[in-house]
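Shown next, in structure tokens, is the structure this report addresses.
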Amino acid sequence: MDCRKMARFSYSVIWIMAISKVFELGLVAGLGHQEFARPSRGYLAFRDDSIWPQEEPAIRPRSSQRVPPMGIQHSKELNRTCCLNGGTCMLGSFCACPPSFYGRNCEHDVRKENCGSVPHDTWLPKKCSLCKCWHGQLRCFPQAFLPGCDGLVMDEHLVASRTPELPPSARTTTFMLVGICLSIQSYY
């Protein structure tokens with residue numbers, strides 16, 4: 001690839017990322033649903049849960065509206081009961097958790113995160129789909145992935161464990177992004 005093609009390609013990637021971010025912000029601001037306002041659990045799976053608060057706001061306040069952080073010298077004045085499940089509060093905002101708990105406030109119990117006999121963070125085939133046990137819930141893909149399955153998954157027993165369907169606006173955004181990617185790919 002010569003320099004011009006490489007430059008066009010990098011501009012295209014930046015353009016796609018900018019468009020997808022605009023659509024993502026539009027979805028978050030327009031839907032008003034908590035599950036779309038926060039990052040998905042799959043996104044959090046690659047990050048430490050102690051970094052992200054459990055109720056992250058969709059739109060962050062301006063820096064002028066934030067409360068200034070307290071210094072370490074004021075830590076004796078902070079609330080010492082910030083941790084759950086017997087965790088020890090450190091500097092008013094961090095927790096040292098007992099062995100079977102984790103999270104910013106020791107709110108996650110490893111012992112309760114299994115899905116019956118299926119351990120947490122384990123993939124398993126279920127009918128014609130793939131499912132994953134995540135924080136005590138079995139989440140299944142609605143598409144057929146396994147060999148020998150021709151159509152959509154017939155999962156009358158898994159309705160409660162499926163992830164929610166995307167609203168029409170999110171589906172439109174997805175198809176629009178795919179179209180943009182395909183048109184850029186055909187350009188090269």
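Heads up, the Cβ atoms here are built off N, Cα and C, so glycines get one too.
Annotation source Swiss-Prot lists signal peptide at 1-30, citing experimental evidence.
According to Swiss-Prot, the feature domain 'EGF-like' maps to 78-107, an assignment based on sequence analysis.
The N-linked glycosylation site feature in Swiss-Prot is assigned to Asn79; the stated evidence is sequence analysis.
As annotated by Swiss-Prot, disulfide bond applies to Cys82-Cys89 (among others). Under the DSSP three-state reduction, Cys89 (disulfide bond) is assigned to strand.
A coil conformation is recorded for Cys83 (disulfide bond) in the three-state DSSP classification, outside any helix or strand. A 10 Å cutoff on Cβ-Cβ distances gives Cys83 (disulfide bond) a total of 21 other Cβ atoms nearby, all chains included. Summarising the annotation, Swiss-Prot assigns disulfide bond to Cys83-Cys95 (among others) and lists sequence analysis as the type of evidence.
According to DSSP, Cys97 (disulfide bond) is assigned to coil rather than to any helix or strand. Around Cys97 (disulfide bond), a 10 Å sphere centred on its CB holds 21 further CB atoms from the protein chains shown. Per Swiss-Prot, disulfide bond is recorded for Cys97-Cys106 (among others), and the stated evidence type is sequence analysis.
Note on Cys133 (disulfide bond): other Cβ atoms within 10 Å of its Cβ, all shown chains, come to 21. Reduced to three states, the DSSP call for Cys133 (disulfide bond) is strand. Swiss-Prot lists Cys115-Cys133 (among others) with the feature disulfide bond.
Marked as disulfide bond by Swiss-Prot: Cys128-Cys149 (among others). Of all Cβ atoms in the shown protein chains, 19 besides its own fall within 10 Å of the Cβ of Cys128 (disulfide bond). DSSP assigns Cys128 (disulfide bond) to coil, not to a helix or a strand.
Residues annotated as disulfide bond in Swiss-Prot, with experimental evidence given as evidence: Cys131-Cys140 (among others).
The feature GPI-anchor amidated aspartate is assigned by Swiss-Prot to Asp150.
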- For Cys106 (disulfide bond) and Cys89 (disulfide bond), what Cα-Cα distance in Å is obtained after rounding to a whole number? 10
